[in-house]
């Protein structure tokens with residue numbers, strides 16, 4: 001073992017690691033999964049004698065994460081950060097860590113075809129589904145998806161790997177597994193089902209029918225702020241525990257998981273670790289996506305433009321704090337259907353979480369992949385307001401902030417490094433238009449983001465144009481101050 005994590009000054013696994021059975025294959029061993037689903041499984045094993053263990057898999061990228069985990073007996077550290085206290089736990093629920101580039105595709109597929117595998121879960125980010133954010137449909141013409149359809153036995157996408165594993169289980173007479181998305185998308189289970197069945201129909205119609213008959217795709221809502229791991233993060237974890245852990249991750253103390261209780265081959269008793277098992281996740285998903293993620297994106301674009309590197313920096317500016325609070329309660333909350341939740345209290349708790357100085361959640365990180373995030377975080381709410389003839393000035397400002405950000409130059413004239421799967425389309429829209437009103441019209445014409453309806457809505461285009469021109473003329477700080485409400 002490269003690092004003796006079992007000697008760390010942390011909460012250590014008290015369960016026998018050998019008694020865990022690998023029942024879940026997880027695709028996407030990133031920071032969020034380690035700090036969220038991994039912790040729930042660790043709590044169940046520690047406090048409730050659960051024997052549900054994980055096979056962790058990375059398909060594209062993240063080779064070093066898997067290699068680091070393999071070097072330390074599949075153990076890793078999760079540090080919870082509040083303003084004045086850091087605590088750490090060593091998570092031991094991983095039975096094996098695999099990467100296609102290290103271990104080979106056949107090894108990954110063989111793991112997914114072990115008879116006891118009951119669930120395949122995913123955290124691959126929105127862009128990993130290769131679906132259109134505006135329509136939710138699988139992009140069969142995307143080069144990676146098209147390549148998998150042509151060569152389905154050697155897939156590279158997560159969808160292709162899942163369908164090939166299910167095809168092999170069907171051929172071997174093995175039962176299907178549940179496929180559970182844990183990514184930030186509304187009705188992520190429906191998105192997962194639609195991309196899997198669309199892909200399967202393109203490959204094998206009989207297999208597609210078997211999947212529809214035998215596989216479930218529960219929706220989930222996941223919540224925990226997990227900043228990207230930095231060298232500073234790892235140094236603090238080492239200072240806290242006395243052990244260097246390159247697979248370590250740090251997060252806030254808060255965590256939430258709402259799960260649609262729809263599994264074909266059993267599941268862990270996640271409720272014993274604090275998860276909520278419900279029949280309909282959508283109201284919770286919409287609450288989180290619009291109030292938390294929507295305000296996060298708002299702060300990310302407008303904060304970055306103002307020179308704020310971290311979300312907690314934004315919270316120290318009272319105008320940004322008031323604007324985020326107003327966005328949550330005045331423009332997002334009215335669109336929600338969730339019952340039995342005090343939304344004002346929820347908003348207050350979000351502001352407190354954003355203000356945590358230990359997190360240092362970078363605005364640039366949250367600003368990534370905006371084309372995949374705007375529809376569910378802001379644009380669905382805009383459509384609600386247009387239908388109800390109500391104000392959406394802050395939502396319009398958030399959209400304008402994204403447009404100003406993807407223009408690629410900040411208010412000091414410095415280049416912005418844009419990370420987005422639609423970057424070529426966005427850059428074409430920017431480069432083919434003059435700055436100002438024409439830029440807004442050019443970006444609104446991207447149908448994969450704004451659909452057919454919003455670009456043709458004169459009220460929406462007017463509001464976005466008005467706020468965009470204000471950002472150009474007065475800058476982000478002054479514009480946010482103008483629209484914030486105390």
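Each residue's number is its place along the chain shown, starting with 1.
Just so you know, glycine gets a Cβ as well, placed from its N, Cα and C.
From a predicted model like this one, the values you see are computed outputs, not experimental measurements.
Swiss-Prot lists 24, 25, 26, 27, 28, 29, 30, 31, 32, 33, 34, 35 with the feature NAD(+) binding site.
Structure coloured by features recorded in Swiss-Prot.
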residue : record              : Cβ within 10 Å
24      : NAD(+) binding site : 24
26      : NAD(+) binding site : 24
28      : NAD(+) binding site : 23
30      : NAD(+) binding site : 19
32      : NAD(+) binding site : 22
34      : NAD(+) binding site : 26
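Residue 30 (NAD(+) binding site) falls outside any helix or strand according to DSSP and counts as coil.
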